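Written below as C-alpha cells is the structure these notes are about.
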C-alpha cells in the first residue's frame, strides 16, 4: 500500500515539473535546463515564506507566484533576445540560468540545507488497508491530481488554452489572427516556472531543501518527457505515473537498482519507441 | 478609397531578394488578383501585406497611414484577413476551435459562426473533429471561414482553389463572389487565369519578384497571349 502512495505522490510531483517542461518546449521550442533550478527556487522561497509567516499555506500560495514572475523576467530579458539565433544559444542560456539561480540561492540562503515542517493537519499518519500512511503524502496525491486536472481543463477547455495550443502549432498563423505570440511565450514560460515552483513547495516538507535538489529532479523530468514523447502533455502524465511507480517499487524492493531501472526505461523507450511510448500523431500542447 | 498599398517594397530571404521594388494598390470593394508562375513572388507579396515578411525598404500603407512597422497581430486587428497557401489549419485544435480562435481578437461584424455554418454546412457536421482530419476542400473552407470570422476589410487569399476538384472550385468562386458583393475587398493569388478571369476587377502579373504588367480584366483579355507567355511554365 505504501508503495502505491509513495509512487503516486512521486508521480504527481514529477508531472508538475514535466508538464511545465513540455509546455515550454511545445511553445518556445526550448528545452529549459533551468527548470530544476526554478523548482529549487520555489522550495527556497517557500521555505522563506513559511519561516517568516509560520504558514505553509501562504508559502504554497505565494512562492510559485514569485517564481512565475522570475520566469517571466527570464523570458523577457534573456530568452526573447535569442529566439532568432541558433537553437544552441537558447540551450546555453537556460543552462547559464542554472548557475545564476544556484549562485543567487547561495548568496541569499547560504550553504546549509533548510527544512520545512509538515503542515500541522497532516502530522498524524492515517491507517489505511492495514498500514500506516503518512497523511501528507495523501495530500500531495490529491493536490497533484487537482492541479493536473486544472491544467488539462485550462489547456483543453479554456480560451487561453486554445490560444496556447494554436500558437504552439503555428505561431505565424496565430499571429495573423491577432494573437500576440510574444506575450503567449512569456505567459507559457511563467506558467512552467509556476508549476516547477509549486512542485518545489509541495516537496519541501518531504526532502531537505538544498542546492543540489533541482539537479536530481530535472534528470527524472527529462526521462519523463522523453518517455512520454517530447511536447506531448498527455504522454507526460502517463510517463510520470510509470516512472513514479517504478521508482517507488525500486526504493522498497531493490534500492541499489532504482537508477538502473529509471534509465532502463529511458533506454528501452529510445530503442523501441523513440517518439515516446505514448506518442500520437499530433502534439496535444 | 485606397484601402491598402505596398510602395516600392524590397523583400529578401537571407541574401536572396524575393521582391524588387513592388508597388501594389487595392481599393475598397475591389477584387484584385496577383497572377504568375510558381516562385514568382506572389505569396511573398501577401506575406509582406500581413506582416509575416518585413520589407527591407519601401512602405506598407493602410487607409493612408504608414503601417510599415506593424506586426502581423496588429495588422490582423486593423482588418486584414489572411488565408495562407497550404491552409495552415491548427492541427491540434478542433474544427470549431479553429473558428473560435479567429474571434478572440474581438473584431465583430457581419460574419458570425452561424453564417459560416450556413455557408459551409459541412463544417458544422465536422465541428468537433480535429482540424487535420478534414479533406483538402474542407480545409480550404475552414481556412477561408477562419479568416472571415476576423471580419476583415481586406481578405488575402493565397491560391484558394489549388488542388481542389472543379465542382468545389465553382462553389468556392461563388462564395468568394458573394463575400465581395457584401462589401469585402479581396486580394487573390493564382497561378492561372481561370479563377481571376471570373472574379477579379483588376490584375497584376508578377514574375521574378517584380510586377510585370497590371490592368483591368478587360485589358487582360485584350492582351491575353502576351500575359499567358508571362505566366506559363
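Even glycines carry a Cβ here, placed using N, Cα and C.
If you look up TrEMBL, you'll see A:6-26 (among others) marked as transmembrane segment.
Residues or ranges marked as transmembrane segment in TrEMBL: A:33-50 (among others). Away from its own ends, the transmembrane segment (A:33-50) comes close to residues 17, 20-21, 24, 56, 58-60, 62-64, 66-67, 70-71, 74, 91, 94-95, 97-98, 101-102, 105, 108-109, 114-117, 192-193, 196-201, 203-204, 209, 211, 213-218, 221 of its chain (Cβ-Cβ under 8 Å, at least six residues beyond either end).
A Cβ distance under 8 Å defines the sequence-distant neighbours of the transmembrane segment (A:56-79), meaning residues of its chain 6+ beyond its ends; these are 28, 30, 34, 38, 41-42, 45-50, 90, 93-94, 97, 116-117, 119, 185-187, 189-198, 200-202, 204-205. Residues or ranges marked as transmembrane segment by TrEMBL: A:56-79 (among others).
Residues 30-34, 36-38, 40-41, 44, 47-48, 74, 78-79, 82, 211, 214 of the same chain lie 6+ residues outside the transmembrane segment (A:91-109) yet bring a C-beta within less than 8 angstroms of a C-beta in it. The transmembrane segment feature in TrEMBL is assigned to A:91-109 (among others).
Summarising the annotation, TrEMBL assigns transmembrane segment to A:136-155 (among others).
Here TrEMBL flags A:188-207 (among others) as transmembrane segment.
Look at TrEMBL and you will find A:260-279 (among others) tagged as transmembrane segment.
When Cβ-Cβ distances below 8 Å are used as the criterion, the transmembrane segment (A:6-26) is approached by residues 32, 35-36, 39, 137-138, 140-141, 143-145, 147-148, 151, 164, 168, 188-189, 191-196, 198-199, 202-203, 206, 217-218, 220-222, 224-225, 228, 230-233, 236-237, 239-241, 243-249, 251, 283, 285 of the same chain, each at least six residues removed from its ends. Long-range contacts of the transmembrane segment (A:136-155) within the same chain, counting only residues at least 6 positions beyond its ends with a Cβ under 8 Å from a Cβ of the stretch, are 5-6, 8-9, 11-13, 15-16, 19, 118-119, 122, 126, 161, 164-165, 195, 198, 202, 205-206, 233, 237, 284-285.
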